[in-house]
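Colleague: Sending over a structure as structure tokens; questions will come in a sec.
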């Protein structure tokens with residue numbers, strides 16, 4: 001039976017960093033008209049930790065009356081079996097792929113904890129990514145415009161157009177230092193490009209979204225508010241897109257794109273080399 005629900009709780013559970021679970025989960029969920037309420041549980045390596053995750057799943061099921069979606073990667077059989085008994089739809093993100101490779105190459109897999117590369121083995125890469133994540137978090141949502149010289153990409157757009165998840169994905173997966181700046185309702189009255197951005201035009205990239213989709217997302221956050229109204233969404237988007245065109249800032253519509261697709265298009269347009277971190 002099809003359940004017409006615009007939102008669903010989604011859990012990413014792993015005995016490692018959970019980055020693989022999140023990445024594959026985002027790709028899959030991007031195929032559906034769904035607003036995921038996401039929670040991530042990395043380093044679930046003991047029965048106590050998985051018990052805590054199961055409690056969260058049970059709370060979600062009891063509250064919403066529908067089973068949440070769980071994307072997981074767990075090696076220890078006992079922990080895996082505990083998780084599979086939870087009231088959720090569970091998806092092992094590696095199982096079908098590993099089985100197919102095993103059949104094709106006729107070799108038994110040797111499961112191991114899904115750790116990232118060790119710091120000692122690849123310390124420069126590790127610390128580059130940590131620095132990129134810290135920089136991106138410090139420059140999220142217009143918190144500060146200091147240190148723009150260090151930025152690789154500067155994302156511009158209205159609130160809830162996908163800037164934060166895209167910024168963090170770029171930092172975590174590609175080690176890019178990303179600034180994201182939101183245009184708010186007050187900016188619409190006198191829309192202009194901030195002086196701080198003038199000398200960094202080559203780093204600017206705009207994100208826009210369909211007004212209907214923006215209204216849906218904002219209603220889920222602040223239902224009935226002027227901020228979420230269709231009229232306000234359309235006004236903000238029209239004004240910001242006019243700025244992008246006037247200032248020759250490249251931009252894309254994120255309405256039907258996953259963060260992975262958004263990132264790929266930005267990197268291609270910016271001519272930047274992909275440096276995927278494991």
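Any Cβ shown, glycine's included, is placed from N, Cα and C.
As annotated by Swiss-Prot, ADP binding site applies to 157, 158, 159, 160, 161, 162, 163, 164, with the evidence given as sequence analysis.
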Colleague: Could you list the residues of the same chain, at least six apart in sequence, whose Cβ is under 8 A from the Cβ of residue 158 (ADP binding site)?
Modeller: 182, 183, 184, 208, 209, 214, 233, 236, 237, 240
Colleague: What does DSSP say about residue 163 (ADP binding site): helix, strand or coil?
Modeller: helix
Colleague: Using the structure shown, find which entry in 160, 163 (the binding-site residues) has the sparsest Cβ neighbourhood within 10 Å.
Modeller: 160
Colleague: For the recorded ADP site, whose residues are 157, 158, 159, 160, 161, 162, 163, 164, find every other residue on that chain with a C-beta no more than 8 angstroms from the centre of their C-beta atoms, and list them by sequence position.
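Modeller: Apart from the listed residues, the neighbours are 180, 182, 207, 209.
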Colleague: Quick one: of 161, 164, which of the binding-site residues has the smallest count of other CB atoms within 10 A?
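Modeller: The binding-site residues 161, 164 were compared, and 164 has the fewest Cβ atoms within 10 Å.
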